[in-house]
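Read through the structure below, which is laid out as structure tokens, and then see the notes.
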Amino acid sequence: MTKRAYNFNAGPAALPLEVLQQAQQEFVDFKGIGMSIMEISHRSKEYEQVNGETQQLLLELLGLPSGYKVLFLQGGASTQFAMIPMNLLTADKVGAYVMTGSWAEKAYQEAQLFGETFLAASSNESGPLNIPALSDIRVPDNAAYLHVTSNETIAGTQFHEFPDTGSVPLIGDMSSDILSRSFDASKFAMIYAGAQKNLGPSGVTVVVAREDFLKDSPKHVPTMLRYSTHIKNDSLYNTPPAYSVYIVNLVLKWIKANGGLSVMEQRNIEKTALVYDTIDNSGGFYEGLATKDSRSIMNITFKLQSEELEKAFIKESEANGFVGLKGHRSVGHLRASTYNAVPYESCKALADFMADFQKRNG
Ligand SMILES: *Cc1c(COP(=O)(O)O)cnc(C)c1O
């Protein structure tokens, strides 16, 4: 048996074992062509098949109607923070942002380099981390878009419903929770995600958008940074990150074979309940960092009552085969990332370990 860690890494993160095994099988000889998928042209019929099928699978899993396009771009979600205002924030408009944490902040800061911005709503300034109520989100009439970060990977908070924005296009950074649950994707004009959390390996950023939303850009936008360039060329304008797209293809097939988004959601709720219940039943030994109504089913953030205990927790967890439980360097404390590919057994083992650690240290 292959040794597999209890992998709670935040990103790059766990991939389904079946996907890794299939990739291993096809590594040297992709579908009998005597070459790896990495060794062939992105203009070959084999790669075009991977490109088209991956686009199709993603639209299908998201349940999107026609009119949406899928792009495989480079530069990470961080490049999307710039491409969005560069392409969409014109002089007479404002870019509206919901401020929910570190990632929303980065997107918002980047937009300020290009034009006028508007703070549509913010999380609590102090106290437990939360997602603002939908009723508190204000969207100006001249908004080019409203940008939300559906899951704040560092804070461990997640939107449970999305705002109705009327005629204002809704954009979602779903880097850390795309395909983790069913939701009405057609509410969004554009969704984007760095693949390395819940979709595949690093190196590819997925953009799913209404074609009409991305068709115009200001003249000065460089060719590679114009959405329309990639749309017109079916995401094959220049050499794509072919191996990363290929792994995303396998991950999407894995999700489909396992029952799609509603099954992913059910599993993620069950997995995270094991850990959240352990936190809530610990009599204050463990404390969640997010308010209960804003908790994420992808990133569980929590703390212990002293830094010393947290250090001991990390050390012992590592000795017991757990990986990635240290909180993000900007906030400290503890975090367990429970993406689709993290099995129930890993979460069960973590909950058991947490209970045992409390018994010995409580
Ligand atoms: C990780 C992350 C990003 C940054 O992704 P890169 O691909 O590293 O640029 C952006 N937004 C969210 C919500 C993330 O979790």
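Here the Cβ of each residue, glycine as well, is placed from N, Cα and C on the backbone.
TrEMBL labels come from automatic prediction, so no person has curated them.
Its Cβ taken as reference, R43 (L-glutamate binding site) is surrounded by 9 other Cβ atoms within 10 Å in the chains shown. For the recorded site, R43 (L-glutamate binding site), the DSSP three-state label reads coil. The L-glutamate binding site annotation in TrEMBL covers R43.
If you look up TrEMBL, you'll see A77, S78, W103, T153, D173, Q196, N238, T239 marked as pyridoxal 5'-phosphate binding site. Taking all protein chains in view, 15 other C-beta atoms sit within 10 angstroms of the C-beta of S78 (pyridoxal 5'-phosphate binding site).
Annotated domain 'Aminotransferase class V' per TrEMBL: 6-341, in sequence order. The predicted model assigns the domain 'Aminotransferase class V' (6-341) a mean pLDDT of 97.
The N6-(pyridoxal phosphate)lysine annotation in TrEMBL covers K197. Mapped onto three states, the DSSP output places K197 (N6-(pyridoxal phosphate)lysine) in coil. Long-range Cβ neighbours of K197 (N6-(pyridoxal phosphate)lysine) (same chain, at least 6 residues apart, Cβ-Cβ under 8 Å): A10, G11, P12, A13, T153, S175, S176, D177, M298, S337, Y339.
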A77 (pyridoxal 5'-phosphate binding site) in three-state DSSP notation: helix
Those binding-site residues in R43, N238, T239 whose CB falls under 6 A of ligand 1, listed in sequence order: none
DSSP three-state assignment (helix, strand or coil) for D173 (pyridoxal 5'-phosphate binding site): strand
Assigned element (helix, strand, coil) containing W103 (pyridoxal 5'-phosphate binding site), judged by DSSP: helix
